[in-house]
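Colleague: TrEMBL lists G10, V11, G12, K13, T14, T15, R116, R151 with the feature ATP binding site. If you look up TrEMBL, you'll see T14 marked as Mg(2+) binding site. Here TrEMBL flags D28, R52, G75, R134 as substrate binding site.
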Amino acid sequence: MVKVLLGFMGVGKTTVSKQLDGQCKDMDAIIETQIGMSIASFFDQYGEETFREIESQILRQLLLEKEDIVIVTGGGVVVSEENRRLLAANRQHNILLVASFEVLYQRLQEDSLSQRPLFLKYTKEEFHQLYKRRMALYEGLADLVIHVDYRRPEEVAKLIAAF
């Protein structure tokens, strides 16, 4: 079965995936390998639209996997209408991690290594608007929704493994 881990940037998808037994496929890592540069550099050079096209190709390929895997998506995977269509078709195996805006914002501020293009680009208020738009796009795409504000990654991983 192919499970898909969804959520806004900074919610802990990558951190939680490291706690899971089994094979996780991190879309951002796969994309960076394919494009030969960081996502931040790619955004600067080629723009978000070109990035989203590559992201859709990778998502489509991974959803066709025959083995049991967990796809760890990037926070903006829901921006593309094509991706939302692909994710809706897999809804019964999708897991959405949700955190409050303040928790996410604090995590991203404290992550000194964070080179997330959209976080660096916006003021806090603009970023909050982006969060609200993206959260609306996530709605209805996952059968399991896990609120992570007060949960440790190990606890979240156990909930995912039991799903």
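Cβ atoms are placed via backbone N, Cα and C, with glycine included.
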Colleague: If you measure from the C-alpha of G75 (substrate binding site), which of the binding-site residues K13, T15, R151 fall inside 10 Å?
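Modeller: The binding-site residues close to G75 (substrate binding site) (Cα within 10 Å), listed in sequence order, are K13.
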Colleague: Would you pick out, from the binding-site residues K13, R52, R151, the residue whose Cβ has the largest number of other Cβ atoms within 10 Å?
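Modeller: Output for this query is K13.
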Colleague: Other than D28, R52, G75, R134 themselves, what residues in this chain have Cβ atoms within 8 Å of the centroid of the substrate site's Cβ atoms?
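Modeller: Residues close to the substrate site, other than D28, R52, G75, R134: M9, E55, T73, G74, G76, V77, V78, V79.
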Colleague: Which one is closest to T14 (ATP binding site) in space, judged by CA to CA distance, out of the binding-site residues D28, R52, R134?
Modeller: D28
Colleague: Is it possible to get the count of other C-beta atoms within 10 angstroms of the C-beta of G75 (substrate binding site)?
Modeller: 22
Colleague: Fill in the CA-CA distance, K13 (ATP binding site) to R134 (substrate binding site), as an integer in Å.
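Modeller: Spelling it out, the Cα of K13 (ATP binding site) and the Cα of R134 (substrate binding site) are 16 Å apart.
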Colleague: Quick one: give me the count of other CB atoms within 10 A of the CB of T14 (ATP binding site).
Modeller: 16
Colleague: Return the residues near R134 (substrate binding site) by Cβ distance under 8 Å, restricted to its own chain and a separation of at least 6 in sequence.
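Modeller: In sequence order, the residues whose Cβ lies under 8 Å from that of R134 (substrate binding site) (at least 6 apart) are F8, G75, G76, V78, V79.
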Colleague: When DSSP is mapped onto helix/strand/coil, what comes out for G12 (ATP binding site)?
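Modeller: Going by the DSSP assignment, G12 (ATP binding site) belongs to neither helix nor strand, so it counts as coil.
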Colleague: Please report the three-state DSSP label of R151 (ATP binding site).
Modeller: coil
Colleague: If you measure every Cα to Cα pair among D28, R52, G75, R134, the residues listed for substrate, what is the largest value in Å?
Modeller: 18
Colleague: Going by DSSP, is G75 (substrate binding site) part of a helix, a strand, or coil?
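Modeller: SS state of G75 (substrate binding site) = coil.
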